[in-house]
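Novice: Sharing a structure with you now.
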Amino acid sequence: MIEQIKGVFADHAEVVRKSEEELSEKLIEVCNIISNCITAGKKVLLFGNGGSASDAQHIAAEFVGRFLAERRALPAIALTTDTSALTAIANDYGYEMVFSRQVEALANKDDVVIGISTSGNSQNVLEGLKAASQLECKVIGFSGNSGGKMNDICEFNLVVPSNVTARIQEVHILLGHIICMSVDKSLI
Ligand SMILES: O=C(CO)[C@@H](O)[C@H](O)[C@H](O)[C@H](O)COP(=O)(O)O
Ligand SMILES: [Zn+2]
(Lines of atoms letter the chains of each structure in order from A and count residues from 1; the text may use other names and numbers.)
(Lines give C-alpha, C1' and ligand atoms only; values in the text may rest on other atoms or scores of the structure.)
(Ligands and ions follow the chains in the order given, each with its own letter.)
Protein backbone atom coordinates (compact mmCIF):
# COMPACT_ATOMS: atom_id res chain seq x y z
CA MET A 1 0.00 0.00 0.00
CA ILE A 2 2.78 2.45 0.92
CA GLU A 3 4.26 1.96 -2.56
CA GLN A 4 0.90 2.75 -4.16
CA ILE A 5 0.50 5.88 -2.06
CA LYS A 6 4.02 7.03 -2.91
CA GLY A 7 3.23 6.35 -6.56
CA VAL A 8 0.18 8.64 -6.44
CA PHE A 9 2.21 11.42 -4.81
CA ALA A 10 4.90 10.99 -7.47
CA ASP A 11 2.38 11.01 -10.34
CA HIS A 12 0.68 14.09 -8.91
CA ALA A 13 4.02 15.93 -8.60
CA GLU A 14 4.95 15.01 -12.16
CA VAL A 15 1.61 16.22 -13.59
CA VAL A 16 1.95 19.47 -11.62
CA ARG A 17 5.50 19.91 -12.97
CA LYS A 18 4.45 19.29 -16.57
CA SER A 19 1.43 21.56 -16.17
CA GLU A 20 3.65 24.39 -14.95
CA GLU A 21 5.86 23.89 -18.01
CA GLU A 22 3.05 23.63 -20.55
CA LEU A 23 0.32 25.89 -19.16
CA SER A 24 1.95 28.88 -17.44
CA GLU A 25 2.02 31.16 -20.51
CA LYS A 26 -1.57 30.37 -21.45
CA LEU A 27 -2.62 30.78 -17.82
CA ILE A 28 -1.30 34.36 -17.76
CA GLU A 29 -3.58 35.15 -20.71
CA VAL A 30 -6.55 33.47 -19.04
CA CYS A 31 -5.89 35.38 -15.80
CA ASN A 32 -5.80 38.66 -17.75
CA ILE A 33 -9.05 37.85 -19.55
CA ILE A 34 -10.79 37.09 -16.26
CA SER A 35 -9.40 40.15 -14.44
CA ASN A 36 -10.46 42.37 -17.36
CA CYS A 37 -13.90 40.77 -17.37
CA ILE A 38 -14.39 41.50 -13.66
CA THR A 39 -13.03 45.05 -13.96
CA ALA A 40 -15.44 45.70 -16.84
CA GLY A 41 -18.40 44.71 -14.66
CA LYS A 42 -18.98 41.36 -16.39
CA LYS A 43 -19.32 37.98 -14.66
CA VAL A 44 -17.88 34.47 -14.64
CA LEU A 45 -19.99 31.34 -15.18
CA LEU A 46 -18.60 27.85 -14.52
CA PHE A 47 -19.81 24.28 -14.93
CA GLY A 48 -18.76 20.62 -15.10
CA ASN A 49 -19.88 17.15 -14.01
CA GLY A 50 -19.10 15.23 -10.81
CA GLY A 51 -15.80 16.36 -9.29
CA SER A 52 -15.70 19.15 -11.88
CA ALA A 53 -19.09 20.40 -10.65
CA SER A 54 -17.46 20.69 -7.22
CA ASP A 55 -14.54 22.57 -8.78
CA ALA A 56 -16.94 24.97 -10.49
CA GLN A 57 -18.67 25.65 -7.17
CA HIS A 58 -15.39 25.92 -5.26
CA ILE A 59 -14.01 28.54 -7.67
CA ALA A 60 -17.28 30.51 -7.82
CA ALA A 61 -17.33 30.60 -4.02
CA GLU A 62 -13.80 32.07 -3.90
CA PHE A 63 -15.03 34.94 -6.08
CA VAL A 64 -18.32 35.62 -4.29
CA GLY A 65 -16.84 35.13 -0.83
CA ARG A 66 -13.16 35.83 -0.66
CA PHE A 67 -9.86 34.18 -1.54
CA LEU A 68 -6.74 35.83 -0.05
CA ALA A 69 -7.43 39.51 -0.01
CA GLU A 70 -10.18 41.56 1.57
CA ARG A 71 -11.96 43.03 -1.46
CA ARG A 72 -15.46 43.51 -2.84
CA ALA A 73 -17.60 40.48 -3.67
CA LEU A 74 -17.03 39.36 -7.25
CA PRO A 75 -19.68 38.01 -9.63
CA ALA A 76 -19.30 34.29 -10.36
CA ILE A 77 -21.98 31.61 -10.66
CA ALA A 78 -21.62 27.82 -10.82
CA LEU A 79 -24.39 26.42 -13.03
CA THR A 80 -24.33 23.14 -11.10
CA THR A 81 -26.27 24.08 -7.97
CA ASP A 82 -29.87 24.86 -8.95
CA THR A 83 -31.51 21.44 -8.74
CA SER A 84 -34.84 22.80 -9.96
CA ALA A 85 -33.30 24.20 -13.13
CA LEU A 86 -31.04 21.16 -13.62
CA THR A 87 -33.85 18.62 -13.25
CA ALA A 88 -36.35 20.59 -15.32
CA ILE A 89 -33.91 21.14 -18.18
CA ALA A 90 -32.67 17.53 -18.07
CA ASN A 91 -36.24 16.22 -17.97
CA ASP A 92 -37.66 18.50 -20.67
CA TYR A 93 -34.71 18.95 -23.05
CA GLY A 94 -32.16 16.26 -22.14
CA TYR A 95 -29.13 16.15 -19.85
CA GLU A 96 -26.85 17.48 -22.57
CA MET A 97 -28.71 20.83 -22.39
CA VAL A 98 -28.42 21.45 -18.61
CA PHE A 99 -25.64 24.01 -18.96
CA SER A 100 -26.40 25.49 -22.39
CA ARG A 101 -29.93 26.45 -21.36
CA GLN A 102 -28.63 28.21 -18.24
CA VAL A 103 -25.92 29.93 -20.28
CA GLU A 104 -28.62 31.22 -22.66
CA ALA A 105 -30.57 32.51 -19.66
CA LEU A 106 -27.71 34.12 -17.74
CA ALA A 107 -24.72 34.92 -19.96
CA ASN A 108 -24.08 38.17 -21.79
CA LYS A 109 -21.46 39.20 -24.35
CA ASP A 110 -17.94 39.38 -22.81
CA ASP A 111 -18.81 37.35 -19.73
CA VAL A 112 -16.26 34.59 -19.08
CA VAL A 113 -17.66 31.06 -19.34
CA ILE A 114 -15.47 28.23 -17.98
CA GLY A 115 -16.29 24.61 -18.85
CA ILE A 116 -14.49 21.94 -16.81
CA SER A 117 -14.16 18.40 -18.19
CA THR A 118 -11.28 15.99 -17.66
CA SER A 119 -12.09 14.15 -20.91
CA GLY A 120 -12.82 17.35 -22.79
CA ASN A 121 -15.76 15.50 -24.28
CA SER A 122 -18.74 15.65 -21.91
CA GLN A 123 -21.65 16.61 -24.15
CA ASN A 124 -23.38 18.96 -21.70
CA VAL A 125 -20.11 20.85 -21.14
CA LEU A 126 -19.54 21.10 -24.91
CA GLU A 127 -23.11 22.38 -25.46
CA GLY A 128 -22.68 24.94 -22.66
CA LEU A 129 -19.47 26.22 -24.23
CA LYS A 130 -21.04 26.34 -27.70
CA ALA A 131 -23.94 28.42 -26.34
CA ALA A 132 -21.41 30.75 -24.71
CA SER A 133 -19.54 31.11 -27.98
CA GLN A 134 -22.73 32.09 -29.79
CA LEU A 135 -23.35 34.80 -27.19
CA GLU A 136 -19.78 36.12 -27.76
CA CYS A 137 -18.61 35.24 -24.27
CA LYS A 138 -14.95 34.51 -23.54
CA VAL A 139 -14.90 30.72 -23.69
CA ILE A 140 -12.34 28.98 -21.47
CA GLY A 141 -11.80 25.24 -20.94
CA PHE A 142 -10.16 23.29 -18.14
CA SER A 143 -9.55 19.81 -19.56
CA GLY A 144 -7.13 16.89 -19.82
CA ASN A 145 -6.67 13.88 -22.11
CA SER A 146 -5.33 16.07 -24.96
CA GLY A 147 -8.29 18.44 -24.67
CA GLY A 148 -10.88 16.41 -26.57
CA LYS A 149 -13.56 18.30 -28.47
CA MET A 150 -13.11 21.31 -26.18
CA ASN A 151 -10.08 22.19 -28.31
CA ASP A 152 -12.45 23.15 -31.14
CA ILE A 153 -14.74 25.35 -29.05
CA CYS A 154 -12.58 27.15 -26.47
CA GLU A 155 -10.65 30.35 -27.04
CA PHE A 156 -8.26 29.02 -24.39
CA ASN A 157 -8.31 25.36 -23.42
CA LEU A 158 -6.05 24.60 -20.44
CA VAL A 159 -5.24 20.96 -21.15
CA VAL A 160 -3.67 19.24 -18.15
CA PRO A 161 -1.04 16.81 -19.49
CA SER A 162 -2.47 13.58 -18.03
CA ASN A 163 -4.98 10.85 -18.89
CA VAL A 164 -5.90 10.15 -15.26
CA THR A 165 -9.12 11.86 -14.16
CA ALA A 166 -8.07 12.31 -10.52
CA ARG A 167 -4.67 13.80 -11.42
CA ILE A 168 -6.32 16.17 -13.93
CA GLN A 169 -8.86 17.31 -11.34
CA GLU A 170 -6.08 17.98 -8.83
CA VAL A 171 -4.43 20.38 -11.28
CA HIS A 172 -7.77 21.97 -12.23
CA ILE A 173 -8.30 23.24 -8.71
CA LEU A 174 -4.69 24.47 -8.66
CA LEU A 175 -5.40 26.43 -11.87
CA GLY A 176 -8.55 27.81 -10.23
CA HIS A 177 -6.60 28.98 -7.20
CA ILE A 178 -3.93 30.61 -9.36
CA ILE A 179 -6.66 32.49 -11.24
CA CYS A 180 -8.23 33.62 -7.94
CA MET A 181 -4.84 34.85 -6.71
CA SER A 182 -4.27 36.77 -9.92
CA VAL A 183 -7.75 38.37 -9.88
CA ASP A 184 -7.25 39.40 -6.24
CA LYS A 185 -3.90 40.97 -7.10
CA SER A 186 -5.40 42.87 -10.03
CA LEU A 187 -8.00 44.44 -7.74
CA ILE A 188 -5.87 45.62 -4.82
O1 LIG B 1 -14.65 13.11 -9.54
C2 LIG B 1 -14.77 12.18 -10.30
C3 LIG B 1 -13.62 11.29 -10.55
O4 LIG B 1 -12.48 11.71 -9.82
C5 LIG B 1 -16.05 11.88 -11.03
O6 LIG B 1 -17.14 12.36 -10.29
C7 LIG B 1 -16.03 12.55 -12.43
O8 LIG B 1 -15.99 13.94 -12.26
C9 LIG B 1 -17.27 12.14 -13.23
O10 LIG B 1 -17.14 10.78 -13.59
C11 LIG B 1 -17.52 13.00 -14.49
O12 LIG B 1 -18.74 12.62 -15.07
C13 LIG B 1 -16.40 12.90 -15.53
O14 LIG B 1 -16.70 13.81 -16.58
P15 LIG B 1 -15.59 14.61 -17.42
O16 LIG B 1 -14.55 15.10 -16.47
O17 LIG B 1 -15.03 13.64 -18.44
O18 LIG B 1 -16.34 15.73 -18.09
ZN1 LIG C 1 -12.92 13.05 -8.04
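Placement of Cβ uses the backbone N, Cα and C atoms for every residue, glycine included.
Sharing the feature lines straight out of TrEMBL:
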BINDING   Asn49, Gly50, Gly51, Glu62, Asn91, Asp92, Ser117, Thr118, Ser119, Ser122, Gln169  substrate binding site
BINDING   His58, Glu62, Gln169, His177  Zn(2+) binding site
DOMAIN    34-188  domain 'SIS'
Novice: Considering Cα atoms only, can you say which of Ser117, Ser119, Gln169 is the nearest neighbour of Glu62 (Zn(2+) binding site) among these binding-site residues?
Specialist: Gln169
Novice: For Ser117 (substrate binding site) and His58 (Zn(2+) binding site), what Cα-Cα distance in Å is obtained after rounding to a whole number?
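Specialist: So the alpha carbons of Ser117 (substrate binding site) and His58 (Zn(2+) binding site) sit roughly 15 Å from each other.
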Novice: Counting across all protein chains present, how many other Cβ atoms fall within 10 Å of the Cβ of His177 (Zn(2+) binding site)?
Specialist: 15
Novice: Between His177 (Zn(2+) binding site) and Ser119 (substrate binding site), how far is it from one CA atom to the other, in Å?
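Specialist: Rounded to the nearest whole number, the Cα-Cα distance is 21 Å.
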Novice: Looking at Cβ-Cβ distances, which residues of the chain lie under 8 angstroms from Ser119 (substrate binding site) while being 6 or more apart from it?
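Specialist: Result: Ser143, Gly144, Asn145, Gly148, Thr165.
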Novice: Measuring Cα to Cα, how far is Asn91 (substrate binding site) from His58 (Zn(2+) binding site) in Å?
Specialist: 26
Novice: Give the residue from the binding-site residues Asn91, Ser117 that has the most other Cβ atoms within 10 Å of its Cβ, counting over every protein chain displayed.
Specialist: Ser117
Novice: Quick check: of the binding-site residues listed here (Asn49, Gly51, Gln169), which one has the Cα closest to that of His58 (Zn(2+) binding site)?
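Specialist: Closest candidate to His58 (Zn(2+) binding site), judged by Cα separation, is Gly51.
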Novice: Could you tell me which three-state DSSP class Ser117 (substrate binding site) falls into?
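Specialist: Ser117 (substrate binding site) sits in a strand per DSSP.
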Novice: Using DSSP reduced to three states, classify Asn49 (substrate binding site) as helix, strand or coil.
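Specialist: Assignment for Asn49 (substrate binding site) reads coil.
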Novice: Cβ distance under 8 Å to Asn49 (substrate binding site), same chain, sequence separation 6 or more: which residues?
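Specialist: In sequence order, Ser117, Ser122, Asn124, Val125 meet the Cβ cut-off.
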Novice: Would you mind checking how many other C-beta atoms are within 10 angstroms of the C-beta on His58 (Zn(2+) binding site)?
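Specialist: Total other Cβ atoms inside 10 Å, all chains included: 16.
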